[in-house]
Amino acid sequence: MAEKLIAPSMLAADFGNLQRDTEMVNNSDADWFHIDVMDGHFVPNISYGMPVIQAIKKHATKPLDVHLMIEKPERYIEEFAKVGADIITVHYESTVHLHRTLTQIEDAGCKAGVVLNLTTPVSVLEDILPKCFMVLIMSINPGFGGQKFETITYDKVRKLRKMIDERGLDTRIEIDGGVTDKNIKQLVDAGADTFVAGSHVFRSNDQTKTIADLKALANS
Ligand code: DX5
Ligand code: ZN
């Protein structure tokens, strides 16, 4: 299986010390920056947009994994690419013409992924899977950090892993929400390979060590 990747979620960073926290991720074992964009419509919360992403990009030395929790993301793809997104994921539930939106992401020079809400079955991906660099399975209801991991995720990951392997694809499976050192190994065993971690990293006393521990556990 592919190398296991860790993507700390900047939603849990200290926005007053964004450069410091960006550099912490640069100097850690983390692989990507996970960037959560929320519009107050698709999810009840509002996070941040292009100027903040641009500020992170200015200091980041690792790819930006931009998770769009917004209605009709097709309206903003080029702008997110312009401010430095390397990977853009859109919710299956947020865009009517998913194939067109993924093509738009590719044309903007980014890797494209699809996100599924907690209760959206993986079977909806059957036809679009070959076009996905990555599938992000939400393990919480999106909108807020610090929520409890929902165990229905394991079964969804197992089903998706089977779909990917049967087709001989190398699509990544990313998990987002409540990921900690307590569930990451079980998620790897189910078939996931990419892990977002927000509060578990940023609320710990030694953030760099917490990232190193997650990475080691995932690759053990
Ligand atoms: C929530 C976001 C997550 C969030 C995860 O909707 O998509 O990326 O930052 O935070 P934790 O790891 O605290 O659950
Ligand atoms: Zn996210």
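Positions of Cβ are set from backbone N, Cα and C atoms, glycine also.
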Given that TrEMBL records H34, D36, D176 as binding divalent metal cation, the matching residue among H59, H67, H200 is H67
Work out how many Å separate G145 (substrate binding site) and H34 (divalent metal cation binding site) at their Cα atoms, rounded off.
12
I'm trying to understand the geometry here, so how far is the Cα atom of H34 (divalent metal cation binding site) from the Cα atom of G178 (substrate binding site), in Å to the nearest whole number?
14
Among the binding-site residues listed as H67, G143, S199, the Cα nearest the Cα of D36 (active site, proton acceptor) belongs to H67
Any idea what the Cα distance is from S199 (substrate binding site) over to H67 (divalent metal cation binding site), rounded to a whole Å?
17
Ligand 2: which of the recorded positions D36, H67, G143, D176, G178 have a Cβ closer than 6 angstroms to it?
D36, H67, D176
For the binding-site residues S9, S199, work out the Cβ neighbour count at 10 Å and name the residue with the minimum.
S199
